[in-house]
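Quick one: the structure is below, and I'll ask about it shortly.
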Amino acid sequence: TKEKLTCQQCPPGTFVAQHCSRERQTLCQPCPDLHYTQYWNYLEKCRYCNVICEEQQVEVQRCNSTHNRVCQCREGYYSEMEFCVRHSECPPGFGVQKVGSPFEDTQCYPCPHGFFSSATSSTKPCQPHQDCQQQGKVTNVPGNQYHDTLCTSCKLGRSDNTQGQVDDCEQALIDFVSYQNIPLRKLRRLQQILERSPRKAAAGTKAAIQEKFRTFLTQLREGHYEVTKELLGALRAAKLHSIEEKVRERFLL
């Protein structure tokens, strides 16, 4: 009669060096370097660690006797169709709802009312607008989804400002003009007039150009430039008469 033998399997990390017989149990031996078996098995040789980490991947588990090498996308990248793709960045006006992982892209959301994001980022959520009243100041420029609320100590519409407040008023004037609803073409023209330069102004979104224009005017002020006088002249030259009028009324110029 045929005798049925049930051989023992070899545990993970080993292979069958010799099958069992009626006289002996299965003989198991450890896997050699760079080889593995992950499960209980009847394999006559261990599997080769054949996973190689590609560019933009990092090794998260070394090859050992029980596991193949494991790779995943490095920081800043995620896996898409077996390729590591750079995480998306949320543009200004959008915040990060969920930071990207090695397995998932960044998730963005539009900043809700009362929040803003002024920069492109793959990590930062929308930030809350500052509260001017809480700081003992007044709101000069209301915030939107692209920029924060801009506060000032300048007594708007009053002529009894101290010297420190006069400086604040000049910055408040810069902030106020920078974030007026000026058509892009005219905003670029305004900067060209102030720079006394015919060169073509930089491209970009309106929010980005407004921010650059504000930085440019602030640098002029810090260089002891007569910003108020020059800015009023530039508004007139750019035929932005309604903005000029608003500025004169607001800052009593």
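The backbone N, Cα and C atoms fix where each Cβ goes, and this holds for glycine too.
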Pick from Cys53, Cys63, Cys84, Cys90: which one does TrEMBL say forms the disulfide with Cys71?
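When TrEMBL is consulted, Cys71 turns out to be bridged to Cys53.
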Pick from Cys10, Cys46, Cys49: which cysteine does TrEMBL list as forming a disulfide with Cys31?
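Between Cys31 and one of Cys10, Cys46, Cys49, TrEMBL records a disulfide, namely with Cys46.
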When DSSP states are grouped into helix, strand and coil, how many residues of the repeat 'TNFR-Cys' (30-71) land in each?
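Helix, strand, coil within the repeat 'TNFR-Cys' (30-71): 0 helix, 13 strand, 29 coil.
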Counting other Cβ atoms within 10 Å, pick out the least crowded of the disulfide-bonded residues Cys31, Cys46, Cys53, Cys71.
Cys53
Would you mind reading off the Cα separation of Cys31 (disulfide bond) from Cys71 (disulfide bond), to the nearest angstrom?
21
